[in-house]
Structures are given as C-alpha cells and as structure tokens.
Amino acid sequence: MARLVVFILAALLAAMAAQAQAAAPPRLRFGFYRRSCPRAEYIVREAVRNATAINPGLGAGLIRMAFHDCFVQYVMHALEPYAHGVADTGVYTYVRGCDGSVLLDPTPANPRPEKLGPPNFPSLRGFDVIDAAKAALERYCPGVVSCADVVQFAARDAAFFLSGYKVFYNLPAGRFDGRVSFENETLAFLPRSILNLSELVTNFKVKGLNVDDLVVLSGSHTVGRSHCSSFSDRISSTSPSDMDTGLATVLKKQCPANPNFTDDPTVPMDGVTPARLDNQYYKDVLKHKVLFNSDAALLTSRVTRRKVLENAFIRGRWEKKFAKAMVKMSLIEIKNAANGEIRKNCHVVN
C-alpha cells in the first residue's frame, strides 16, 4: 500500500512538473536580439517598408495577422490523484497565443491548419512579407529569430508606416514558435464580425484583454478591405440594420445579394482614409458608417460609446492607446523551449 501511495505521488508530481514546465513563459525582453541577431528588427522593418510602399493593403493584412495569430485557443486537462493512479478531473483553457501557428501550411498529418479557417482563408494577407523577412533573417543569423516574433515585429512596423509614423512601440521579443494549428479553432476563438458587445467583451476577457483594449484594437478596422460576405446581413433588405442609408446603398451596388466563395468582392472598411491607420474609424462608428455588427456594437453601451468619442476627438489618444494594446496583445500565452521551437521555415515545423 505504501508503495502504491509513493507511486501515485510520484506520478502526480511528474505530471505537475511537466505542466509547469510547459506553462512557464520565457522572459521576453526589449532588444532581445541585440547580440544574437543585431539587425533582426531592421531586417523585418525593411521587408514591411518595401511591401507597404507598393501595396498598403499588405500592411493592414500584417496587423490583422498578428491579431489572428494571438487569439486562437486550445483546451488542456487538469490532473489529480485518485486511489488507483492519476485522473483527469477538470478542464482549463490555455491560450495558444502569439506563436506563429497561423503561418503553418497543410500537411498530410494536419490537412486543415488555422490559415484555412474561414476567418483566415482566403482573406488573410501578408504571408509573402513574412516569408521575405524570414528568408533575409535566415541568411543573416540562421535559426535565431522565431516566426512568432517576425509576425509581431511586422505588425508593429506596418502600423508605423500606415499611420504616417504616428504609431510606434518598442516590442519585447523572445517568443518561440508553436507546433499545433487547427482550422476549427479559428471559428471557436477569433471574434467574429457578427458578435454583439457582451460577446465581444467575453471573447477579449478570455485573452486577458479588457473593454478598453476591445475598443482600441477595433480601430484597426480603419485600414484594409473586407469581403462582402462579412457584412451582407447588415445591408440585406430582410434584416435591416442601423447602417447609414447612404453607405448601405453604395455597398448594395458593390456587393452581390448573396455573396459566395466564387463571388465575394472586397470593399474598403474605411471609405474616407482607406489606406491610413488613423482614428477615422471612430468618427465612422459615430456616423453609423461602419461595415460590421461588431463595430456598430461599440455604441450600445455608455462605457464603450464614451471611449469611441474620446478616440474620435482627443488628438493623439488613440495612437498611443493602440500602441499599448498591441504590446499587451503580443504577450498572450508565449511559448518556451519546452513547448515551442525556432522554425527554420515559417510554413512547417522543424
């Protein structure tokens, strides 16, 4: 009996140690590559500069990619001892987080990764920019800079260029790349354009983000384009919305009545400054000139409405808040050497 108890305790301690090791985050720090790859951030910035100079839409895609990479989750099971061993007794959720899993390609073992999920395919853009940056990094300092860090650096630099240099933030680095990526988790955990405010708040809260982060990060909808299918319910004659009638009329002319995979045009999310990362989005929200239900939802509470007003009319406030929120988001569930790696090719695990 004593031996059985010792065995059970040993098994429990081993399980707890393995979980603790997997959960312990690495120490991210500013200037992480200063010694190991001094030009790392410059190399990424130049790749983004070159891409956005030709096509600003790629910058919007890179910001969205960082968001989509950080927001996907998976479930782990808690263990505890019982009379004959170790039992699975509870479920707790880990956020897979900012680990470059959105970059992984289909393989025979995993034919449906995140990038093929409906929120990502075919609309997510910027993969070629990440590839160009990673290829240059591998020539300069092979095996050093993670794809997860490249994604976050690229989003930071895209925001810098698209904002006319008004949005800039130092970014701690040292992320590891994840090895797991599933299509079905994109619908489960990425906030969708049809969500109402309480659903959005819950979605962000799970990731450790608050209402202010929700309102501020929604401002990224000031740049880029959207497929008609993402807001077709808002311009349908059978389900009237609070969208400005003039905007709805224009969109009905640009979008098919029933968009599908082969007929799903894109339109600018911000009709005033479509290639500029600025606070125009909040002015559009107040005028009901936004595409998504999730955007319009920001006016459905006094708290979020006040934040929309502040971001719309207090000069420089949104840019500073956006920078802080992007850093906060980039810290969601960071991998370490025990549960991650530094990929040589961002599309496949090593």
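Heads up, the Cβ atoms here are built off N, Cα and C, so glycines get one too.
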As recorded in TrEMBL, which of Cys37, Cys98 forms the disulphide with Cys70: Cys98
Cys98, His221, Cys228 screened against Asp69 (Ca(2+) 1 binding site), Cα within 10 Å - retained recorded positions: Cys98
Other C-beta atoms that fall within 10 angstroms of the C-beta of Pro191 (substrate binding site): 21
Thr222, Asp270, Thr273, Asp278 excluded, remaining Cβ within 8 Å of their centroid (Ca(2+) 2): Val223, Val272, Pro274, Arg276, Leu277, Asn279, Gln280, Tyr281, Asp284
Binding-site residues listed as Asp69, Asp278, least Cβ neighbours within 10 Å: Asp278
For the disulfide-bonded residues Cys98, Cys141, Cys228, the one whose C-beta sees the most other C-beta atoms within 10 angstroms: Cys98
Same chain, 6+ residues apart, C-beta under 8 Å of the C-beta of His68 (active site, proton acceptor), given in sequence order: Val102, Glu114, Pro119, Asn120, Leu124, Thr186, Leu190
